[in-house]
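Below is one structure, written out as structure tokens; comments come after it.
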Amino acid sequence: MNLERKLSQGLAAMGLTLAPSAPARLAAFLEILERWNAAYNLTAVREIEQMVGRHVLDSLSVLSHLRGPRVIDVGTGAGLPGIPLALARPDVAFTLLDSNSKKIRFVTQAVHDLGIANVEIVQSAAEKYRPAAPFNTVVTRAFAAIPDMLASVRHLCAPGGAVLAMKGVYPQEEIAAVGTGFRVREVVELSVPGLDAARHLVILEPTPDGQTA
């Protein structure tokens, strides 16, 4: 089965309706990732067919939970979930943040090759990054334990915004350790075609005056 068809079937199974060009552009992204991965070891997933579910569809599983016109992907790594999300939502401005120069080089090249206009790329540690304005949505995938992650990104989330933490198994201990400044709004069990492993999305919101909920 070719990549575009597999992606189209996965999107349909998830109930996602994207632009007609989206499957082809997502497939092109995976081809770039596979090429670079052979030389630069960007991801442990080697087979491009496995990347469909484990990277692209997994990234897009949080699409409906994005808020507002400005989103930051903290610890974007190989552009995940930021590049698939940016391709799916050209009306939203995405910032892709990572401190690793090798991964930033890849993301920069991929964004250029794909002609993605709604992405800004920043090389910085999260805690050191000072944007002109905070973001409506902060999304992290395989970044850090939730309490440590919140300590690094709290200044990036706008009032009324959300932090989306993409996790595997239900992170009971991490949720219990969420301190002041944020509350857990919801934990969503995600279903990703072709992915048998457990996936959960923890949605956190800033609380006024540093309170807990």
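Each residue, glycine too, has its Cβ placed from N, Cα and C.
The model shown is predicted, which means the values in this text are computed figures rather than measured ones.
Long-range Cβ contacts of ARG141 (S-adenosyl-L-methionine binding site) within its own chain (separation 6+, distance under 8 Å): ASP58, SER59, ASP73, GLY75, GLY77, LEU80, PRO81, MET166. The annotation S-adenosyl-L-methionine binding site is assigned in TrEMBL to GLY75, LEU80, ALA126, GLU127, ARG141.
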Field: Under 8 Å by Cβ from GLU127 (S-adenosyl-L-methionine binding site), counting only residues of that chain that are 6 or more apart
entry: ALA151, SER152
- prompt: Counting other CB atoms within 10 A of each CB, which of the binding-site residues LEU80, ALA126 comes out lowest?
  reply: ALA126
Field: GLY75 (S-adenosyl-L-methionine binding site), number of other Cβ atoms within 10 Å
entry: 23
